[in-house]
Amino acid sequence: MRLRFSKMHGLGNDFVMIDAISQKVRLNADKVRKLADRRFGIGCDQVLIVEEPSNPDVDFRYRIYNADGSEVENCGNGARCFANFVRERKLTGKQVIKVETASGILELHVKRGDQVQVDMGKPILAPADIPFNSQQQSTIYPLHIDGQTLQISAVSMGNPHAVLVVDNCAAAPVERLGPQIENHPDFPNRVNVGFMEVLSRTEINLRVYERGAGETLACGTGACAAVVAGRLRDLLDSTVTVNLPGGALVIEWAGGDHPVRMTGPTAQVFQGQVKL
Ligand SMILES: N[C@H](CCC[C@H](N)C(=O)O)C(=O)O
């Protein structure tokens, strides 16, 4: 199978984007891993697929695979790239694009330049829906790891996130704690892990150890989850600049059942063809 693709990124969180409308695409976990491999393949954090929607009220289906081949429910940086990809490929001319994912519908608002704002929907906090093993819902949960007890927040943006508050993001033990929390038995579907340093009520530093991809230069759903956790802990206001290693996102959340909005850039690096 020969596939046309675009290599894109959102603040260095990088993707292989494939149009499965204009070409026949048959992928499985092994083929995804081959595409994502940074030595034997193209290399990326996620593989993103553009499909015809099953829901007549939306424009596209947006399918997301991590580099380890796992299919997942949401990808925020990928959603911004998705919007500019489908317009560049003339699959739509719309400024507001609705896409369905495995976890719900996202609204992509194309702004000036390379900026896209995404309505990421409202955060999910009920433990059973994250999913996270806890008898009751709380703002902070104890998580026993490696003989120590961490204080985490648990938030889903369609995909599961654990958020820790740290004094210094740059010195946070991401490589040591990331995989241990990602695979903790209290997260039956595994989990993305955010390490958040609060600079003020309107700015944070954040590093994310992503489920199925490891530490990435940016994580859109992770930035949303961190701001939700920070607001629930009364550490943050409703509009927050999130500084990730790859650059900054602006996250807005008015609280409660309001949607979380994420605004940031996208970039296309190159286009190509690959034989699978
Ligand atoms: N690793 C995530 C998917 C990609 C999320 C991230 N790249 C984003 O921008 O939201 C998961 O397993 O849920």
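Positions of Cβ are set from backbone N, Cα and C atoms, glycine also.
Keep in mind that this is a model prediction, so the values were computed, not measured.
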Additional site residue, N28, N168, N192 [criterion: listed by TrEMBL with N13, Q46, N66, G76, N77, N159, E210, R211, G220, T221 for substrate]: N192
Those active-site residues listed as C75, C219, and which of them has the most Cβ atoms within 10 Å of its own Cβ: C219
All-chain count of other Cβ atoms within 10 Å of N192 (substrate binding site): 29
R211 (substrate binding site) to C219 (active site, proton acceptor) - Cα separation in whole Å: 11
